[in-house]
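Student: The structure under discussion is supplied below as structure tokens; questions concerning it will follow.
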């Protein structure tokens, strides 16, 4: 059965009114899992600012951030077939990968050689400081900022020091001079509050 | 004591979702996740949340990064799809080894799992139960519901009442077997395992509610596929199992 309204009058010659909706990330990932490089390009265009931005926020150094972001994005290509949509969104899968890689880097290094490499790399790196201009991502980011403001000071600091700072919760407790148990709990109830504020449903 | 420990572990969900656990604690929490459906659920919501924190930090990557990534992608071989996940790792005498579970649910921590449970609850109550006992377990004031999906399209629900020492097991989406039966087992911590009966599966995949009484110290419920008529002891590895200790 055709449910579409019958076009009449000027409607008949109207151009395609709605551009096709962007396919969900999970769908693209399924195509990528089958070796579709075009779909991967779409994923790249969609997710690389988030991946790069998060890694940059954690590592700070532009050259190193780029290196890790590239690794992560290639990893998305490589292991796309391991993504299981029953376990969470494609977006979360990719961002978790990005966060882990960045934090691994922070935790594994601090070695002299790495620091030197970093210093050398940042010397000739071009600064790319402009925030992604895509309107949707700006709105999204404002929404997250607003929700972060609804947290208590300790919740907010616990969450952001761990997530953006790449610190373990034990390190966070030290940084905040707060008991371990408190930090642990604040991370949990902070995230719960954030989740509810953002309307995350899983 | 062990309950205290578990609760303690549970509060690590936030730190886990923030990737703020290391080494031993990380290992212990992941171990805990294997046995706690409610925690898995909570971690999921938190991970979706932290992902939003992540994209809130978005910024335009250096333009040359695109070509570099696409170039490497063109040269990078993809992983083969993971083999279809077995329900449970193959091992004999699984019930004595504390089980490697793919699916586990903690009745103790019982947290409403949301719509799934509500749906299941309604579905269960719509099933015509021949035995009043089944109805009694399901309507017991201390009845606890746990639902899980051991694989796509298959859902199972256990309803346990501690005061009655009984449990009702049901599910849907199971395929009917030829010359074989689904058999339900209850395993105790001492390694003993006993049959709780065979499942009756309708042509539509719905499982008739099965009543297991005298739970006593049963710790784990598991389902295996056995020769028609069932076996005195399990002869194959469980296709699913859930923790039912309270």
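Note that Cβ sites are derived from N, Cα and C of the backbone, with glycine treated the same way.
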Student: Of the ranges A:48-77, A:78-107, A:108-137, which one does TrEMBL list as region 'Disordered'?
Tutor: A:108-137
Student: Looking at the ranges A:1-22, A:23-44, which is given as region 'Disordered' in TrEMBL?
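Tutor: The listed stretch tagged region 'Disordered' in TrEMBL is A:1-22.
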Student: List the helix, strand and coil residue totals of the domain 'RNA polymerase sigma factor 70 region 4 type 2' (A:142-194) as derived from DSSP.
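Tutor: Breakdown, helix to coil: 42 helix, 0 strand, 11 coil.
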Student: So what pLDDT does the domain 'RNA polymerase sigma-70 region 2' (A:44-110) average out to?
Tutor: 93
